[in-house]
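One structure below.
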Amino acid sequence: MLLNCGQPLPLLRHTDVPPRVIENFILTGYRFPNYSLRDCLLSAFRPTNETGNFWTHFLPVFIFSYYFVEVFGWEGAPHGDAPFFYPLWNYFIGVFCLLMASSMAHLLNSMSLVVREVCFFVDYGTISAYTVGSSLAYYYYIHPRAGIVETGGHNGSHMDLKHEPAGAVISSYAIPEFSVFFETFYIPCACVVAIICVLSCCNTRQRWRQHRYVIRTLVFLLPFLISSTPVFYRLLTRSPYSNTSSSSVASTSMPSFFYRHCFWLLVSAVFNISKFPERLAPGRFDIWGHSHQWFHCCTFLSILDELHMIKAEVRAILLSPTLLLPPTTLARLPGPTIASTYGVMLLLQTTIISIIVWFSWHANCIYGAQRDQLAKEHLKKHLKCH
């Protein structure tokens, strides 16, 4: 294993790298385990088995941002820093951190075995933060924030009842049992499940290695089910908007976007667990077309459909001005505040960072000696070049 002076570091076969680095059915294209930061950044522009993994989550950052900012130009939309948009900005932060952390993890993980572990710990943490960002957006734009009608008129977010048939006010959109869950337990449950997912995924890098892909895939099924309960509720009950209103028309696309969101998540899970197509032809898809790249593509498509679903509900609310609750409105469910959005995400991120620090310290204890040995070998070969 020789270094070419002044040339990019050679790519290696799976037999030439530490077992920790080897991916199933990927035989070639591995980077040297002790790349410098500069080497890692330059490797984004040369074909390695991580190049596609980097670009399939880095480029989507710009695509997502393009579709995201469209909301603020809609007619009737409040200013971008208005409380109404706090949940949407938290959702953006979750997605942005997820895509950036994933792309950087794949780009920088060859600096050392310890850095590799830390990179993917951060990746798992941002995935969990993203699920809570989604939950905040669902809570305030899909249910129960968007137009619950209750007997007695205690909710300030009434839809316009002038065109409703007789008896519409008597029927309640909010089923009491579910109202208690959404008002009291929904966001806390999303946060607790997110933390459990971080702990489980980080553990798969130090235990349960044989079934790590199955565990990592299934462990994120639970936060999907928890965070999506407002959507399930909307699909199983009548719309909070009048059938003749423009809000109802804007909201009709929500189910189709959600079904597509679920479809892409399912396909991404299949790719992540099956390791198709490289399982069928080991070595042929080492650089381009292996399962993790398809997993990234399908994951982003699911996020994009989720964004379109949230935007459809935001537009529906904006078309019903009575649903935009000012802080002084007496409402059973108050509008978003800094504490209930940014505060929740800050508390969650602090907890996740603490978990990452603990696992990173443990990884350093395990792989620190190997890192130092590889660093000595790398330095010796670098001096030989000079």
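Backbone N, Cα and C atoms are what each Cβ position is placed from, and that goes for glycine too.
The Cβ neighbour count for His296 (Zn(2+) binding site), using a 10 Å radius over every protein chain in view, is 25. What TrEMBL lists as Zn(2+) binding site is His106, His292, His296.
Taken from TrEMBL, the feature transmembrane segment covers 52-69 (among others).
For the transmembrane segment (89-108), the residues of the chain that approach it from at least six positions outside its boundaries are 37, 40-41, 43-44, 50, 53-55, 57-58, 60-61, 64-65, 68, 115, 119-120, 122-123, 125-127, 129-134, 136-137, 296, 300, 303, 307, 310, 341-342, 344-345, judged by C-beta separation under 8 angstroms. According to TrEMBL, the transmembrane segment annotation covers 89-108 (among others).
Sequence-distant contacts of the transmembrane segment (120-141) (same chain, at least 6 residues past either end, Cβ-Cβ under 8 Å): 86-88, 90-95, 97-98, 100-102, 105, 109, 182, 186-187, 190-191, 193-195, 197-198, 201-202, 205, 216, 220, 223-224, 226-228, 230-231, 306, 310, 313-314, 317, 335-336, 341, 344-345, 348-349, 352-353, 355-356, 359-360, 363. The feature transmembrane segment is assigned by TrEMBL to 120-141 (among others).
Per TrEMBL, the feature transmembrane segment maps to 185-202 (among others). Nonlocal intrachain contacts for the transmembrane segment (185-202), taken as residues 6+ away from its ends with a CB within less than 8 angstroms of a stretch CB, comprise 121, 124-125, 127-129, 131-132, 135-136, 139, 215-216, 219-220, 222-223, 226-227, 229-230, 340, 344, 347-348, 351-352, 355-356, 359.
The feature transmembrane segment is assigned by TrEMBL to 214-236 (among others). Distant neighbours of the transmembrane segment (214-236): 124, 127-128, 131-132, 134-135, 138-139, 142-144, 178, 181-182, 186, 189-190, 193-194, 196-197, 200-201, 204, 208, 254-255, 258, 265, 269, 272-273, 309; these residues of the same chain sit at least 6 beyond its ends, with a Cβ under 8 Å from one of its Cβ atoms.
Positions annotated as transmembrane segment by TrEMBL: 342-361 (among others).
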#### Entry: Under 8 Å by Cβ from His292 (Zn(2+) binding site), same chain, sequence gap 6 or more
Glu23, Gly52, Asn53, Phe271, Asn272
### Message
Please list, in sequence order, every residue of the chain apart from His106, His292, His296 whose Cβ lies within 8 Å of the Cβ centroid of the Zn(2+) site.
### Response
Glu50, Gly52, Asn53, Phe54, Thr56, His57, Ser102, Gln293, Phe295
#### Entry: Positions whose Cβ lies under 8 angstroms from the transmembrane segment (52-69), at least six residues beyond its ends
44, 92, 95-96, 99-100, 102-103, 106-107, 287-290, 292-293, 296-297, 300, 303-304, 307-308, 311
